């Protein structure tokens with residue numbers, strides 16, 4: 001046994017035969033000066049001996065335990081022995097003590113910490129509750145943020161998978177940005193670019209009625225897809241052959257839940273289901289797709305079933321995914337494909353149009369993509385970032401409470417520090433003592449926080465719409481930050497008070513003359529300002545979000561949505577559908593509770609996917625512009641109370657109205673007409689030639705996050721994908737719905753009856769904003785509560801410190817109101833400073849948030865007044881509770897010790 005040799009320093013054994021490197025590093029880092037080589041040499045010799053006696057795995061465990069025993073201050077050994085070798089062939093040695101802190105001293109620190117906590121129960125309780133609520137809020141938000149950022153990360157090669165984005169320019173201006181692109185792009189990329197490992201296309205079907213054994217189901221989460229989709233996405237098959245599942249026409253694979261819905265416990269392989277009227281053979285069953293995916297896949301049909309969707313460069317309705325090879329340079333590949341469309345559609349440039357292809361990283365789609373024709377409603381990266389900041393604010397506010405109380409109590413512990421220093425304590429030992437004291441409330445707060453998180457998880461899951469569970473804590477990207485919160489809280493909340501207290505000079509500390517505490521006072525004031533500035537920013541933000549939501553819900557949308565019942569039409573119509581549509585509407589109008597009915601292919605609140613290029617026929621220099629099409633009947637404008645600005649409505653008496661069109665104001669301006677009346681009688685080319693017979697006032701097809709769409713209304717009374725019913729009232733709704741359903745099932749047998757109310761459907765577009773408003777409001781309130789909790793504790797302590805001063809002033813004739821003012825004015829000054837700091841920051845932050853809405857309010861001035869007055873009011877009430885108690889105290893009691 002002896003010092004570390006050169007051969008041992010440069011260990012050339014295979015890595016599998018070496019001791020754990022991290023343990024060796026830990027030993028070298030914390031070994032006493034001068035003993036490092038000797039200790040490591042002894043350990044390596046012991047490691048070689050242990051390999052022979054207990055094997056490699058056992059040797060590693062013994063090595064790790066030996067290292068921890070040497071450096072760990074909580075070892076249980078009272079003598080602090082390093083190692084005692086009693087194995088044959090190894091001489092014994094005298095034990096040496098190398099502990100950083102002796103265990104006896106640690107036990108003493110813990111006893112003192114526990115006694116101090118019991119001595120100040122109220123402050124300990126406030127500190128612990130504040131930290132617990134702060135940590136719980138932070139952990140809940142951390143769960144939500146982690147889930148939102150985990151979208152599509154479960155795919156093995158997610159960093160190499162991209163979705164193609166199609167940007168279309170008309171007349172040099174960006175017309176639209178689409179998540180879908182042309183079907184020819186996928187095979188072209190695979191053929192022409194060596195960087196591409198695989199491509200796949202997904203296409204949403206035209207009908208979504210699925211039938212098995214004459215039972216109809218309406219499915220929304222399904223696509224036609226190439227079989228190569230299984231080489232890009234992680235889809236785990238339970239039954240069937242993944243390699244050939246969709247290589248034939250008219251085949252389908254089902255998710256586990258969908259298969260159970262249709263076939264119960266039967267084996268679905270080889271069975272047939274119908275999509276519309278087309279039969280499909282079930283070739284496979286896969287595990288349910290994870291919730292944290294931007295796609296919801298319940299059924300996947302063979303793409304080969306759609307022969308018209310193979311090589312088109314004119315139909316952009318397909319989601320195209322590309323998987324690049326690991327060696328591919330993404331930026332170079334981006335540059336190569338950006339102008340690919342111009343190569344295959346040269347006529348596009350002649351019409352003044354241009355299309356560009358962009359790459360969207362798969363993990364970024366959910367939070368950072370807001371394109372036309374998204375597969376699902378995505379999240380909002382900005383909102384997630386804001387919630388992360390709120391979580392940090394809450395946690396820092398809770399830590400500040402601890403720091404403020406610890407520094408405020410410094411005077412009470414000055415003599416204790418002085419005595420310890422006189423007895424020989426070094427500053428490092430005092431810092432260790434106060435840091436250990438901060439471990440106890442933080443440790444208890446973590447335990448309480450976990451209980452709060454577990455208890456509130458179901459409510460928070462409903463609030464956010466995301467599935468949250470304790471299983472998420474098994475993921476390292478969640479529990480590591482959680483441990484970091486505890487460790488950071490212990491250090492941040494304990495380090496400054498520890499440095500302040502340990503810095504006292506023994507003589508001045510014992511005399512009680514601590515003039516340098518003014519720096520601690522200044523820090524406490526700064527921290528209080530930060531607490532309330534953060535709280536005011538959160539209050540202003542919550543009020544602004546609430547007002548924007550009210551604005552969107554109360555804004556005139558340009559149409560009537562009140563008491564409007566929507567019934568879905570038949571998605572697989574036959575040649576008799578037109579006559580049945582008329583018969584159904586006539587039956588509805590016989591009922592007194594139905595005032596009006598109309599049909600259309602789209603309703604307000606829907607994204608219109610039917611778009612085409614249109615140009616004026618009367619001008620040789622006319623250019624193409626994208627218009628969004630909706631087919632309506634002649635009652636649509638009246639039923640929705642949409643105002644006609646010029647011309648006339650459609651009329652069934654005019655047989656030519658199928659070749660006529662109505663435009664909205666935005667479309668009229670886009671096509672270059674000087675006024676609505678100027679557009680009347682003009683012709684536009686959209687593949688077919690249409691004459692403009694009327695112009696309607698703009699109405700909001702989608703929510704106020706987006707502007708008005710340039711719309712073209714076509715006359716198609718038999719294209720009834722939706723029936724819109726204007727109800728006289730919603731009384732006896734159950735009976736009335738049953739009556740409507742009976743008529744629907746009689747006229748359209750075998751089709752599921754589905755309905756909803758238009759105002760509920762339209763307001764779903766604001767679901768993300770409403771959720772953000774509720775979550776931010778909840779945690780803003782919690783932040784204010786924690787700040788007031790800390791202010792209450794600090795006011796209590798200061799009032800206690802100034803008890804004798806209050807007694808003397810009262811003896812000298814000071815009134816109770818003047819004493820209350822004396823105690824509250826200092827806090828009031830700090831709140832006013834916080835308002836001054838928070839106002840411009842809150843205004844800037846909320847102005848940036850509102851920019852994302854096409855129609856939005858200005859940041860309301862009254863939000864700053866409410867937040868400022870509220871902060872002052874809460875602070876005054878919190879501080880006054882203790883100020884009044886101190887002012888009313890009998891001066892005899894406060895001065896009896898003098």
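Here, residue 1 is simply the first one shown, and the rest follow in order.
Just so you know, glycine gets a Cβ as well, placed from its N, Cα and C.
Annotated by TrEMBL as transmembrane segment, the relevant range among 480-504, 555-579, 580-604, 605-629 is 480-504.
With respect to Cβ pairs under 8 Å, the transmembrane segment (384-405) is most closely packed against 778-799, considering the stretches 439-460, 525-546, 778-799, 827-846. The transmembrane segment (827-846) and the transmembrane segment (525-546) are in contact, since at least 3 Cβ pairs between them lie under 8 Å (pairs 6 or more apart in sequence).
In summary, the transmembrane segment (123-145) does not lie against the transmembrane segment (525-546): fewer than three C-beta pairs, each 6 or more positions apart in sequence, are under 8 Å.
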